[in-house]
Amino acid sequence: MINIRKTHPLVKIINNSFIDLPTPSNISTWWNFGSLLGVCLILQILTGLFLAMHYTSDTATAFSSVAHICRDVNYGWFIRYMHANGASMFFICLFMHVGRGLYYGSYLFPETWNIGIILLLTVMATAFMGYVLPWGQMSFWGATVITNLLSAIPYIGTNLVEWVWGGFSVDKATLTRFFAFHFILPFIISALAMVHLLFLHETGSNNPSGIPSDPDKIPFYPYHTIKDILGVLFLVLALMTLALFSPDLLGDPDNYTPANPLSAPPHIKPEWYFLFAYAILRSIPNKLGGVLALIFSILILTIIPLLHTSKQRSMMFRPLSQCLFWLLVADLLTLTWIGGQPVEHPFIIIGQLASILYFTILLVLMPITSIIENSLSKW
């Protein structure tokens, strides 16, 4: 009997990607986040689709259409909170996934790593535009502040901002185009995720030890499938707990006030997952300098493979680098906290020191530490 799984042109691709895929036998739970991101993406597309059926992208009715979804649509409140908190879970998984890549040296697969960075930027853009759609106070002012950063670009800045806005301020045209982009981008993300997987399966997965695992591979199904399902159960449990018990925990109360262009909220801030970058932006007194620091805080990931000076791929057996990695994690948590605080003493100086430390760890301390560890390993 012919095995369709291995011969059918379409099923064969799925088989080689998710069933018979040779996988290192020693990959840990840190490798679960790729599949969790896939689950998050599917969940966001499905909940978003149902929200889009009832949402209207018009400044006059956007806020009330979201209220209508929560009050009048069957389980609309549940769909809305699953979508809003699903974004938070998405970013938690993203940060864990990138952190794992940094820790275990997965960035030495340059194609996979660079597609991953493009994915990260695309997801960030999608989330930002989604935050604007409910048309609350923080939606409006967040959109105004962040899009206004484009005006820091010399010569063409002002024209560029007005082009993005579709007028002389954030208004109906801006909301309509943001909704259009927010709808289409998840499908682009899906396509990019497939390319990400394509490049990953060219090389095979990395593993915690960082050494080639060709002699010791096992099929993806059933071993890692069952492991992924456990991860999905934990993800859904966390998401359900968040959406059902404290749906507004990670949101901003200001967004329950309809957008008012005539009065700005006392503290304009983005969603929690952008606060680290927002803190870096605010820590530099110069507008253009702040924007460049903001962009570089993410794009710094592109040069990480060039800064790898260690003879070992993974940090598993490099205690000094491990200390620096966890210092970087603590620094990012500090930046996240600072991003949500008002611009006053002592938060300004803490933010500046944390921003300097962030770039110093990645650009200076990690490469130097790796060189020191290389010399220590000769003893």
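Note: Cβ is positioned from N, Cα and C throughout, glycine not excepted.
As recorded in Swiss-Prot:
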TRANSMEM  33-53  transmembrane segment
TRANSMEM  77-98  transmembrane segment
BINDING   HIS83, HIS182  heme b b562 binding site
BINDING   HIS97, HIS196  heme b b566 binding site
TRANSMEM  113-133  transmembrane segment
TRANSMEM  178-198  transmembrane segment
BINDING   HIS201  ubiquinone binding site
TRANSMEM  226-246  transmembrane segment
TRANSMEM  288-308  transmembrane segment
TRANSMEM  320-340  transmembrane segment
TRANSMEM  347-367  transmembrane segment
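Residues of the same chain lying 6 or more positions beyond the ends of the transmembrane segment (347-367) and with a Cβ under 8 Å from any Cβ of it are 279-280, 282-284, 293, 296-297, 300, 304, 307-309, 321, 324, 327-328, 331-332, 334-335, 338-339, 341. Sequence-distant contacts of HIS196 (heme b b566 binding site), defined by Cβ-Cβ distance under 8 angstroms and a gap of at least six in the same chain, are THR112, ILE115, GLY116, LEU119. The listed stretches are 33-53, 77-98, 226-246, 288-308; of these, 33-53 has the most Cβ pairs under 8 Å to the transmembrane segment (178-198). Distance from the CA of HIS182 (heme b b562 binding site) to the CA of HIS97 (heme b b566 binding site) is 23 Å.
The transmembrane segment (33-53) and the transmembrane segment (226-246) are in contact, since at least 3 Cβ pairs between them lie under 8 Å (pairs 6 or more apart in sequence). HIS182 (heme b b562 binding site) and HIS201 (ubiquinone binding site) are 29 Å apart (CA-CA, integer value).
Tertiary neighbourhood of the transmembrane segment (288-308): same-chain residues 98, 102, 105, 107-108, 110, 113-114, 117, 120-121, 124, 149, 152-154, 276-278, 280-282, 355, 358-359, 362-363, 366-367, 370, selected by CB-CB distance under 8 Å and a gap of 6+ residues from either end. Using a Cβ-Cβ cut-off under 8 Å and counting only residues 6 or more beyond its ends in the same chain, the transmembrane segment (113-133) has close neighbours at 55, 57, 62, 66, 87, 90-91, 94, 97-98, 101, 106-107, 139-140, 142-143, 146, 174-175, 178-179, 181-182, 185-186, 188-189, 192-193, 195-196, 199, 270-271, 273-274, 298-299, 301-302, 304-305. Packing around HIS83 (heme b b562 binding site) is summarised by its Cβ count: 21 other Cβ atoms lie within 10 angstroms of its Cβ, all protein chains included. Of all the binding-site residues listed (HIS97, HIS182, HIS201), HIS201 has the fewest other CB atoms within 10 A of its CB.
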